[in-house]
Structure formats: C-alpha cells, structure tokens
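**Student:** I am attaching a structure below and will ask some questions about it afterwards.
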C-alpha cells in the first residue's frame, strides 16, 4: 500500500509539473510574440521620425482628411508622393494603436513596395494607397496567428492571392490588425496581443472578428482595409465603428493563400461549404469600397485563382440612378435590436421613399430555424471538437470561455441538456448563448441533409424575394457598440448579419446616425422578446452609447455586389443630407 501511495503521489506530482512546464512554454511564446511586435513598432516609429526630419513641412491633417478617390487622384497626378502618404498614415497608425491596441504587426516590407511602385511605368487603381489587412490574410514572411499560440511558429511562405493583386494595383500593405482568438467572436481580444478598443469610446468593443481593422480605420490610421466575414465579421466592426463595409458573395474574391490552399480562418472555423467565408473591404465611405472592388476584380485575380468567376466590376450598375424597389424590415423576430437600430431603418425608409424609391415590407422566413439548424449547426456539427482542437496547448481568452466550456460538456450531457431545453425552445427563442451547440450532426447522412436544407432555404428566400420583385433589401444590423466582454455572452445576437452568410448574399453596412439621449432613454424601456436574462444582457451591453455610430444593412442577390454598393451609396447620400 505504501508503495502504491508513493507511486500515485509521484504520478500526480509529475502531472502538475508537466502542466506547469506547458504553461510556462506557452507564456514564453506569448512574451516573444509581444517583444517582436513591440520591436516592430519601435522600428516603424524611428522610420517615421527620420521621414519627419527629412520632410518637416508635411500637412498631415490635410492628407488624412482626403477621401480615397481624391487621394488616388492626387497620387496619380503627382501632387502627392506615395512616400509622403505612406509615412503620414504610418505615423497616424502608431498613434491609433497606442490608444486602441489595434495593430498586431507593422509590415516593414511596405518600404520595399514603396520603392517598387515608383519604378513602374503603369500605375494601378490603388497606386500609392496604404492598405491594412486582417491578421490571418497571408503576407509573405509574416505570421497568420488568428490569436492562437500554436500559430506563432510558422511564417507565411507566399503572399495570398488578394495581397498579390493589391500590390499589382499599386497598393502598399503596411499593417496587420488584431483579431479575437480563433476568429470566433465579435469582440476583439486574444491572450497574445490583448484587447482592442473602440476608438470612439474605450469602454466599448470595436466589434469582430475584423475588429483591429475597424479600430484602425475609424481612428484614422488607415484609409482602406481588408477583413473577412463568416457571420458578420466585416459588418459588425463597421457597425460598431461607424464605417462602411462590404461582405461580397463568398466566391467573388479569392480566398486562396499564395500556396493554393484556403485561408487559415476557414480551417479555424471548421467551416464546410454551406456557410462560406468571404473577404471584403472596409473604409470610411462607399466610393472607397467600390474602388477597392473595381481594383480587385481584375484579370490578375482571375488568373491567379481560376475558381473566381471572371466578372469585372460593372461601373454602369454602380453609377445608375434608376429608382429601386426596396424590401425592408426593422426586426427579424429572433433577437430584437435596441431602439436606435430600428429607428435607423424607419428613418432611412422614409428618406428613400421621399427620394422616389418604392419600399415593400418583407419578413425573413424561419429565422429561428436558420440560426440554430443551419448556421450554428454548421460550425458545431461535430460538437465543437474541431474548434476545441485549436486551443490545444493554448490559453483560452476569457471572452471565449463560455463557448469553450459548453463544447467541453460530454456528448451525453449535451443530449440531456437538449432534452431538458426542447420544451422551452419557443419560450426562450433559443437565445441561450451556447444551447445551440447541442445540435450535432450524428451521421454523414445527417450532414448531407443539413447541406441540402441550407440550399432549400436559399431557394425559398430567393423565391419570396422575386415574388415581391425586389431589387435590394434594407434591414438592421447589430449595434451600437457593445461594452467589451459582452459579445462573448451573446453569441446568437448576430442573427441580423448571420442570415446573409447562410444565404451567401452580398451585404454591406452604412452608418446613418448616432445614438441620441432619446435613444438612451428609450433603451431603459427595452424588454426584447421576453425580458429574459439575454434581453437584459443586451440592454447592458449597449448602454452608455450616446454619440456612437448607428448603422444599417443593405443587401442584394448573389453576384450583385455593384447593385448592393449602389444602394449603399444612395443610403449614405441620403443620411448625409439630413
């Protein structure tokens, strides 16, 4: 007995030591990554200082205030140099990241790209434009971390197709921006690089998962950025930060890394075909999004990735002024949004009618079914095991612990939980932040059926759209900006954006207003659907938002990005005329 006891104690001690060593190794990797980032920031600060000493008379504010279309014109005619513009934005990005922690890393090769474009005989559509890119979009010689420690060891060997095309169009990628751990959160924090803050209110989140992009652009440190969207990851940061952002049809822009493989975030999210990821632009105005899409939809993109349909940007559609037939709704009936977001839809509806457009009421079908059976079941068909594997040998970010802990419940426990909650599904509207994770595909046949049901729903939605002879859709988007930490408590509040990932429709966000004192007073009366804990949590999440941006969402049918952007431009113009 004494020998057995000694063996047991020795084994327990060995396990404790092994875990301690593992945590120490993780912490060492995190510290090294932070040191590398800080050294990069210092190096860039020195380069900016050197430029300032050489060219002390730069009118920084004037350059930063130029819209993208005007800036490209000034660069092409030569009244501004790419070098002056690059260092002006580098200096501003240093300032913004000091306040918001939005940058994961500067791209020192931007100085090489600057030299290269100045020797070219042909200037691209984005000649001399500094562009920021989301952490996981591959850039040669840099990490693609997704906020995960296991991704800190491997440098990207070749530029992704999208980065190659940006460079060929004369753009200068200069910074990579922060993301939430594993990308599966619409806050923006990870254990390696920390929490990114909203530039308008540091108590608020910039949204996610393209939150670093949102904070950097809204803070003035970038004029154009590239994000990704698989549940709202471009549109939510755009809503929270008062930007314009476009989620295209998933296959309209290349998702390939330079080595011909899918971008890492598709693997991280364990995303099968039914709900595809999309890359898209984020900027301060709609014209900037249109210019970016026009630049990317070029023969270089189609040659580098033959899976992208060779459909150039249709300028005629974007420039049209013909009246539109617009479907609209201010709630999807699943997760009622705060009063200010619904107000934005109603006010914009009246403005569109006054401008000569025809507005038609629309009700999205079966959103409860879409949210649980189609969207969340896509990501957690295996009970979340593939997602949990991402955290092996890692520290879980506090904002993700509710989801991670739920996925760790044994399968039998999930089945029992599903049986207990099934009678309450209608009452709770399935808003329990992690309940949907009990919806597991138990066989290959069931998975195929799930794929089929997604296609059936798309067909049903399009049929209703065509029956009403709609051109575009006006609808709400989640907002205003949540207080940091709250997005992880309200995973299923993203129904407003998630729907158009399931449908794979192009969808964009446009800021149209700000939160008023009257909105804040009305929020006090908000009860949601049931005045249940999730409704009350949403109320807490958005409180204290006076002055923050209020946005809405514009949608078109698949492959009609130009029409979506044209509608966004109309909404933007009308909002500025108020």
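Every residue, even glycine, has its Cβ placed from backbone N, Cα and C.
Values in this document were obtained by computation on a predicted structure and should not be read as measured data.
Pulled these features from TrEMBL for this protein:
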type	residues	note
DOMAIN	85-565	domain 'Amidase'
ACT_SITE	134	active site, charge relay system
BINDING	183, 209, 230, 231, 232, 233	substrate binding site
ACT_SITE	209	active site, charge relay system
ACT_SITE	233	active site, acyl-ester intermediate
**Student:** Measuring Cα to Cα, how far is residue 230 (substrate binding site) from residue 134 (active site, charge relay system) in Å?
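**Tutor:** That separation, Cα to Cα, works out to 14 Å.
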**Student:** In whole Å, could you give the widest CA to CA gap in the substrate site formed by 183, 209, 230, 231, 232, 233?
**Tutor:** 11
**Student:** Provide the number of Cβ atoms within 10 Å of the Cβ of residue 209 (substrate binding site), excluding the reference atom itself.
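**Tutor:** For residue 209 (substrate binding site), the count of other Cβ atoms within 10 Å is 36.
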**Student:** Of 209, 232, 233, which binding-site residues come within 10 Å of residue 134 (active site, charge relay system), going by C-alpha to C-alpha distance?
**Tutor:** 209
**Student:** Using a 10 Å radius around its CB, how many other CB atoms surround residue 230 (substrate binding site)?
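**Tutor:** There are 26 such Cβ atoms around residue 230 (substrate binding site).
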**Student:** Counting across all protein chains present, how many other Cβ atoms fall within 10 Å of the Cβ of residue 183 (substrate binding site)?
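**Tutor:** The Cβ of residue 183 (substrate binding site) has 28 Cβ neighbours within 10 Å.
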**Student:** Long-range neighbours only, meaning 6 or more apart in sequence with Cβ under 8 Å: which ones does residue 231 (substrate binding site) have?
**Tutor:** 186, 275, 375, 494, 497, 498, 501
**Student:** For a quick check of understanding: among the binding-site residues 232, 233, which residue's Cβ has the most other Cβ atoms within 10 Å?
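**Tutor:** When each Cβ's neighbours within 10 Å are tallied, 233 tops the list.
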**Student:** Across all chains shown, how many C-beta atoms besides its own are within 10 angstroms of the C-beta of residue 134 (active site, charge relay system)?
**Tutor:** 29
